Amino acid sequence: MFGRDRIEYKTPDQVRLMRRAGLVVADVHDAVRAAVAVGVTTADLDAVAADVIRAAGATSSFLGYEGYPATVCVSVNDEVIHGIPGERVLRPGDVVSVDAGAVVGGWHGDAAFSVVLPGPDGAAADPADVALVDATERAMWAGIAALAAGGRIGDVGVAVEEVAEGGPYGIVEDYVGHGIGTQMHQDPDVPNYRTRGRGPRVRPGLCVAVEPMLTRGDATTQLCEDEWTVVTDDGSRAAHCEHTVAVLEGGLWVLTAPDGGAAGLAPFGVTVAPLD
Ligand code: MF3
Ligand code: CO
């Protein structure tokens, strides 16, 4: 199953199993999106996620991973990723990123979304924050769409950079996307920036998590004292979007998107190739 390059290429049947995990993650996203609101704590969101995962007969990919203490990650404002849910109360105008992973029958799905809460007294959120989240989502879809050409993994970073340059936004380089399957993190790395080499070939059986992290300022980050939460050095706000994607003979299948990625990929002229 592992090629010489240590990538775990999946059979169509294995991709079907990964889809089950992907759909649990999609359900977690739906439930947590509905629960995100001013006055809610990040621990409340974690509890919502835990209920959905338990009801599905799945388990969290994150809980206990290298000692990680929660079901999901909730990262607010200058927190980029790996925020630990707790007593923090969400406030008007917050940028909230939620990352969730589920395991079903030993196969993982991993996806993240960001939202901006409305401003105080029902005012609109800061348009610059809305634009940041929008660009991060577009960067993710552009990165995923780049896989459809069957080129190299490095094409993802090129596509993400093209979107981020339009901000301009900082692209976090300290953390990258990754292969995924029987483990949450596998080869290959999937950088969100241009690299010297173009990386491994994109071919059927490859399953990767594409997950750009963009900031309104510099791209450099720091690790907090809790040894998990990653924040921007300059305090600028950040957003994070992620999907788990399978490359198949017939095209792409976004395993953590209920529609398989059809809506997100349509603007790029990429059609999805679900297996069911
Ligand atoms: N979803 C994250 C990733 O893509 C993993 C979260 S780290 C954990 O790498 F410790 F919370 F699991
Ligand atoms: Co991931």
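Backbone N, Cα and C atoms are what each Cβ position is placed from, and that goes for glycine too.
Curation plays no part in TrEMBL annotations; they are all automatic predictions.
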Co-listed divalent metal cation 1-binding residue [TrEMBL; alongside D110, E242] among D99, D121, D233: D99
Between H185 (substrate binding site) and E211 (divalent metal cation 2 binding site): CA-CA distance (Å): 13
Among H82, D99, D110, H185, E211, the binding-site residues whose C-beta sits under 6 Å from ligand 2: D110, E211
CB contacts for H178 (divalent metal cation 2 binding site) [other CB atoms within 10 A, all chains]: 20
Per DSSP, three-state class assigned to D99 (divalent metal cation 1 binding site): strand
